[in-house]
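Below you'll find the structure, written out as structure tokens, and then a few comments.
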Amino acid sequence: MAAALLARAGGSLGRALRARDWRRLHTVYQSVELPETHQMLRQTCRDFAEKELVPIAAQLDKEHLFPTSQVKKMGELGLLAMDVPEELSGAGLDYLAYSIALEEISRGCASTGVIMSVNNSLYLGPILKFGSSQQKQQWITPFTNGDKIGCFALSEPGNGSDAGAASTTAREEGDSWVLNGTKAWITNSWEASATVVFASTDRSRQNKGISAFLVPMPTPGLTLGKKEDKLGIRASSTANLIFEDCRIPKENLLGEPGMGFKIAMQTLDMGRIGIASQALGIAQASLDCAVKYAENRHAFGAPLTKLQNIQFKLADMALALESARLLTWRAAMLKDNKKPFTKESAMAKLAASEAATAISHQAIQILGGMGYVTEMPAERYYRDARITEIYEGTSEIQRLVIAGHLLRSYRS
């Protein structure tokens, strides 16, 4: 599957990536300069986004349209299964490459970015790490080429940040598990062909009694709730999953009974790198929009960029963006080196999401009235940015994660 992406990027990229030369980069502080292979990948994804996403992003947002054709093309390029090994039909790349690609896709369309992020990080990620060989063949390979996508069902109407308080239950009956309960805010839900679901199998053990399951969609006993009418990322669907005596085979248990909370937390660590990358794309698009407008808009006889106040705004925007990008790359590199990265992924997600919100806000300020109308994309960037501070752990949760790791390091 990676062949199309590598061919699009050029022969030298293909040869280098196949030889895994890019793995030599991954000494975390070795360099902040991307190797040539990753630079070529970035350009390939930027070209795709400029051609396939930018021209239709406003329409997708306005009409709440899922980008079916574009997602299929992304699958053919390997963008929906970037760190999945080639023997499972994935692209076989690393998480740094994934972060770079996701930023560029999100720069073109944030909704398409989150569709890509959920399939890579939240759906394929836990199956790749915890699934059996048979599960990987059944639940990963068909989801790599864009024909099918998956979703991730953890949050519930009564608990979002408190992931260990699952009220959805799963009980054993013969050769089956029977699921009951409701999952909320599930991205990709209306288009998904499968989901990773977390349910309590032993309530007396609290979070140690949570297990993870693989559920095909559609399936008897599983109903989709209404599509939520959202502030932003409108081209991606969000809905509840309602389980009413939903029966699945016993072999659809992911990992061991009681491993669900561990699986969820480790998956969110990966997912936060994805959301940080999505936020970077929104932030970069906002900065691009602001600079382009300020260069061409004249006031007091000169372009806005000649005004010191505008220059200060642009400098602060660039500083926040570059700082968050380096944090995100560091988290990705740590993961690629099989080092702990929970704190670093939380830092990246927090910094990038807050940067995206702040930068998109300042972009509207620079555009003035033009920033408030749909004729310009700045207002869409602002709406899209806001969710990055909420899903896959709010900013408040990220601060708790960071502080917890920080304090433990001082006590050890």
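Every residue, even glycine, has its Cβ placed from backbone N, Cα and C.
Features reported for this protein in Swiss-Prot:
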TRANSIT   1-24  transit peptide
MOD_RES   Thr27  phosphothreonine
MOD_RES   Lys51  N6-succinyllysine
MOD_RES   Lys51  N6-acetyllysine
MOD_RES   Lys72  N6-acetyllysine
MOD_RES   Lys129  N6-acetyllysine
MOD_RES   Lys129  N6-succinyllysine
BINDING   152-161, 185-187, Arg297, 365-369, 394-396  FAD binding site
BINDING   Ser161, Asp269, Met270, Gly271, Arg272  substrate binding site
MOD_RES   Lys208  N6-acetyllysine
MOD_RES   Lys262  N6-acetyllysine
MOD_RES   Lys262  N6-succinyllysine
MOD_RES   Lys292  N6-acetyllysine
MOD_RES   Lys306  N6-succinyllysine
MOD_RES   Lys306  N6-acetyllysine
ACT_SITE  Glu392  active site, proton acceptor
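Distribution of Swiss-Prot features across the structure.
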| residue | record | DSSP (3 states) |
| --- | --- | --- |
| Lys51 | N6-succinyllysine | helix |
| Lys129 | N6-acetyllysine | helix |
| Phe152 | FAD binding site | strand |
| Gly158 | FAD binding site | coil |
| Asp269 | substrate binding site | helix |
| Lys306 | N6-succinyllysine | helix |
| Gly369 | FAD binding site | helix |
Nearest by Cα to Lys262 (N6-acetyllysine), of the recorded positions Lys208, Met270, Gly271, Arg272, Ile366, is Lys208
Taking all protein chains shown into account, the Cβ-based neighbour count within 10 Å for Arg272 (substrate binding site) is 30
The binding-site residues listed are Phe152, Ser155, Arg272, Gly369; by CA-CA distance, the one closest to Glu392 (active site, proton acceptor) is Arg272
Lys262 (N6-acetyllysine) -> DSSP, reduced to three states, gives helix
Students should find that the Cα atoms of Lys72 (N6-acetyllysine) and Lys292 (N6-acetyllysine) sit apart, in Å rounded to an integer, by 31
Between the C-alpha atoms of Lys208 (N6-acetyllysine) and Ser155 (FAD binding site), the distance in angstrom, to the nearest integer, is 17
Rounded to a whole number of Å, the separation of the Cα atoms of Gly158 (FAD binding site) and Gly271 (substrate binding site) comes to 22
